[in-house]
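**Student:** Pulled these features from TrEMBL for this protein:
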- 12-31: transmembrane segment (TRANSMEM)
- 70-88: transmembrane segment (TRANSMEM)
- 95-116: transmembrane segment (TRANSMEM)
- 122-145: transmembrane segment (TRANSMEM)
- 157-181: transmembrane segment (TRANSMEM)
- 187-204: transmembrane segment (TRANSMEM)
- 210-238: region 'Disordered' (REGION)
Amino acid sequence: MKRLGILSGSVGWFVGVVQFFLVMTLVELAWTTPYSWAHNNISDLGNVSCGDFGGRYVCSPLHTLMNVSFTTGGVLIILGTILTYAAWPRTAISWLIRLLLTATGIGWTIAGLYPADVNENLHVVGGAFVIFTCGNLALLLTAFLRTGPLANLRRPGLTFGALGLTAMLLHFTGTGLGLGTGGMERLTAYGIPIWLALAGLRLFRTDPLKTHDEIDSPPPATAPRSAPQSPGSTPDHA
């Protein structure tokens, strides 16, 4: 049952990420006015009305599809985190990472249920801010995983988490560094689903119940071999 739960959770993570990026691309292409990764926010794709929003024109014909994708992705993040519990080491750091990932899934769901032009405060504070902070903190903390299959994703987790938190500060202060605020938001957000997709693939392709040994640990010391005795010799007696 544990193995089935891990497989189900890993598939949920991967499917949730793939559908998010596919739907997002489709919704972007449906815009009659060009959608800009540099100037438009991800949330603009889910706005239910057309008009000026934050100094940019927003009109997303397939906003319902995008919001369903947000909500679906959030639910799958939560379910995946719950179902893969047996693949995580029994440590405080591991529990904290899973708690943060669950909060990230909740934030993703809120972002879909409350578009920015319907309830901006809830969308930003309960959705985007929770995703950016909790999601990237979770990735950052994976650097402390020492056992289990997900410990092999420590380096991408550390990289995505550090980059995401830095980009979040720049995004919220309106600093684009040539990427635009929309581009900076993508640096903030995209590392989270990418890591989850990698984690889903890792758990699906390995047996996580057999990979909880310490990684990167030195090989066990072997006892020195005794020198062979010469023919005819007798062992010493005290």
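Cβ coordinates come from backbone N, Cα and C, glycine included.
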**Student:** Residues of the same chain, at least six outside the transmembrane segment (157-181), with any C-beta under 8 angstroms of its C-beta?
**Tutor:** 36-39, 41, 132-133, 135-143, 187-189, 191-192, 194-195
**Student:** Residue list, the transmembrane segment (95-116) vs rest of chain: Cβ under 8 Å, 6 or more residues beyond ends.
**Tutor:** 41, 43-44, 46-48, 53, 63, 66-78, 81-82, 85, 88, 122-124, 126-131, 134-135, 137-138, 141-142, 145, 192, 196
